[in-house]
């Protein structure tokens, strides 16, 4: 459109003007020319500053009073609307209508005040440069004949878009750098009068140095135009009006209104400055008001759909437009109103006005950009625990909200990876990508599509919470009230929209089509038709479903009604019936009561049928301990999972010393899954969710499923054989401990205790664990490992309530209220269906909080001292009391001098008889006969090694005597019973014994004080033993008990009780007194028994006289005596000792010798070879005993061997025994062949890190495959190894707590004392000790391996140690068979 035909008004951005009340602050250039001559376009001065580099950041708006012009000047009466358009070079529409009001309207509008403020909204320079100077047109149009109209400036947002920035406002070169100074970019002046502004004045202001750069000025008049210097001619002044008047419907729906920042529109809606109802663009944060929260929808804004580019529409203002109301401008920060004439500050690019620079600086800038998850686009700005990962080949990092989003993004970036995740579908059998995985009956089924998933659900009868309309999965309690009851069936929906769609469509959705087709084919279901009839809940009338009115019923579900009146009437009836209390007091059902019962306490109970009455009567026979009746309905338990109350027998879960109760098995299983209650299954040895814990022989065994429990029961019963029974009292599977016949029925029990308790329960002598009443106990439950019996379910529930909340009134009960007064006090009065007059309700009692101040008093206690009379030394009755105090001599003890004020010790001599040896001189002829007697003994060579050794020592003694015979022939000492008295110097008990002698106790018996806890193994349990106890060795015959003579019977005439009592296993301290006392008992019995028979292999022509004092014997004598001792020792009652008991006694003798400074080691030294052979024969016949829990019983423990130095690194043999013991215990080597497979090349040191403490520890590692080889019968099997194809690695962990008993330290010491060339050999591990080596020598061992016989002897002793069976339990090991 030609600009010459209209008078256009254009706002310039950078036109400097003088600040003053007399100047009209306007940028309307060449206004006078438009009135005096033809219409000329307004000259825009923005081109002058188009490429200016002035960094303007803020605008200043001056609000000043406007002077009214003289009334003689004609008034422009049309509403002038000034708009900011976002498009460049917009042409005015030619079809715009002209507004021609009548003269009356013009006269009525004369003098009216119309005040509007124009604020330009500047954007960033980056989007504005390069645009034309007229990209934003301030257009004003009016008909030529219109003269008396007021000017109205309106910012219409219909053509305002943030995406296309107003070039007219932003081409001034204002920068948006954050460090730029705050400068003025816009000034708006409101004045009451308009003065002339010429071009000369505007040009003169260009060169001024102003602190506040004024780049834009807009003048708004509120009265008639005053005198202008060039004169105004209204006939030639035309205003082009481009307006948009939305319809009433569009304004109401979208909330579009005029853009009046900081003012109130005509409708009265509040808009703070800078607000716009339609700023739905990426920069919408600019228009957020400080008076409204940023996360709250502002009034008039219903939708947030962006309207970035709206079409240019021509809207016509109505002829009868009312003038706008006066508005008020407020500060965006402090909300103070801005007065006229006050300077207002404005930030570039923002529509907010501020009263001062302080408010401008303190006002929050653009908020921090939101961080979104790359995959799901979720806001993760404030989220903790986000994941930053570099997922592609580039170096950029992406941020995700969770690991699932990261996985999905990686799969999306790598589509080839998803091709590898193909499996075969369980339903259709296709090899494709899997969408669903269902874990059902301990198996994972993979399904490729929803169709296969629905077919799988229907085939297995699985019920899932899915929306009936869209098929979305619903949680158990997340459906809310979105439930419809149609023909008695509940249909669940995810939201209300799905409910509406379901009611409108009336048919099933597409995702259930396959399921419905399958059900129709299988069960001949009739398909539901569109618009089916539904029964009204109130009047039971058949109506179409989509015509029904839905309402939430009393049960929480949506119920259909035919009309609102029917719904209200049904609610009224239900409210009346609900107030009557028709809930059955027994089954809790909402039904019409058929029976009523009046209780002794005046309460009225309702019942739905006779069955509930009978059950209630049976329960009401029980009374509470205080004699008051307690109704069963008053006892409610709370489920620990769903938090619902219930009054049935609970499901119990005992975990971590806490007992949890649940209303059903389902809640119990869900609770285990939710709280991750996992444990190692006793059968499959895998960590899974706990299914059940069952007692086996008193030991709790956890299982992951019912199948593992049954399989373990079968294995357990197969191990115990015929002795495996189920206890009739505690119901555990165990070995038969007791049997009782009751009324002709033989019942088995695990112990005598269970037998006695069952007998009490059977004869109704047991008491209820809740009310303490005797009688018939119908209910029982296992509580914390004990069986609890109760009268009925009522007492059972009370017991659980007491465990949850202890009630002191229920802790004690009467002796027997059941048979005394319980029946009389709990009788009910049946009145049929007619209700009796309601009794007076009892007064409701509530707890009342009262402000009470406690009264405190101080109580003093007076203690009167008790006076006693004490005599002193001045009295006549004083007498000195002598107390004997033994003091060892010649130790000197200083005696303090108290000047006779206290008692002092006085030394007193006591004569003690001391035996003195007397040396009698022998005649010459007698001494000459001694060598002849020695030669005669030598001629009688005996096959016994002991006799030969004794003869050798005798010969040595005779040679020493022969040397001294020439000097002093009278000093020859003759002993007829024992020879070699010079060897006794190392065993003098008077000088070197540091352990006290043990007094003889004839009744002391190790097997009585430390009894066995189980019977020995029989033939059916021989498979539990390692081969060393079975086929590798033949059982050695044990000598029978010999008949006692008269003297022996006199000595051992006492009798002791049998050791067959079933006592539980306990830790028994090691005492050497048992071994020393057994030696004395054997020596005393041997001396008294004249008819004692010796074994054939130990017969000799010369006997050694044995003494009760062990320290008085030489090495040869002890070897001889101990060899006889282990074969002839008997218990005080005449029975044989068990092999482990004999080994225990010998260990006690060894400790006594070591404690008495005797250097002999009866188990290692070569001088005790005969004793070692006899002991090994006896130990080979040992058969281990199995305890009820499946462990091995033995009286020998590992700590005993360390105490008596059988294990350690102090000698070569002890170090070998230590390595042999550790390999047997930790590597599980139970046969000689397994030990022979060990070598230096297969055992190596390894560092292992603890995952909890992150600490490195050394360990010895050994691979099982190297042990197993090709011998299947010698495979090492442990409890943790369940698959034969696995090759577990056995380790010996470093003992940092006690380095002296560390396996790794012992192995390093063994390597250091071995030859260096043997470290990598694969055929030897146990080396032969050097005969001449000492403890200080660098090498203790030779390169020769130990022979098999020595290893067998070592293994026999090691297998008697109880500690080696702690890890590998042979009774309960599944792989031993």
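Even glycines carry a Cβ here, placed using N, Cα and C.
As stated in Swiss-Prot, the feature zinc finger covers range 636-671 out of the listed 204-239, 240-275, 600-635, 636-671. When Swiss-Prot is compared with the stretches 41-81, 369-409, the one noted as zinc finger is 369-409. For the residues 159, 276, 833, the entry in Swiss-Prot flags phosphoserine at a single position: 159. If you compare 104, 328, 735, 940 in Swiss-Prot, the SUMO2 cross-link annotation sits on 104. According to Swiss-Prot, the listed position annotated as SUMO2 cross-link out of 477, 688, 1102 is 688.
For the zinc finger (533-570), residue counts in helix, strand and coil come to 10 helix, 14 strand, 14 coil, using DSSP. Helix first, then strand, then coil: DSSP counts for the zinc finger (636-671) stand at 7 helix, 14 strand, 15 coil. Within the same chain, residues at least 6 positions away in sequence whose Cβ sits under 8 Å from that of residue 709 (SUMO2 cross-link) are 683, 691, 692, 694, 703. Rounded to a whole number, the distance between the Cα atoms of residue 658 (SUMO2 cross-link) and residue 700 (SUMO2 cross-link) is 15 Å. Comparing residue 348 (SUMO2 cross-link) with residue 649 (SUMO2 cross-link), their Cα atoms are 75 Å apart once rounded. In the three-state DSSP classification, residue 688 (SUMO2 cross-link) falls within a strand. Sorted by the number of other CB atoms within 10 A, the recorded sites 348, 649, 658, 688, 700 start with 658, the lowest. Cβ neighbour count for residue 764 (SUMO2 cross-link): 10 (other Cβ atoms within 10 Å of its Cβ, all protein chains included).
The two recorded residues, residue 688 (SUMO2 cross-link) and residue 658 (SUMO2 cross-link), show a Cα separation of 20 Å. Residue 649 (SUMO2 cross-link) sits 18 Å from residue 658 (SUMO2 cross-link), taking the C-alpha atoms as the reference points. Across the residues of the zinc finger (636-671), the predicted structure has a mean pLDDT of 86.
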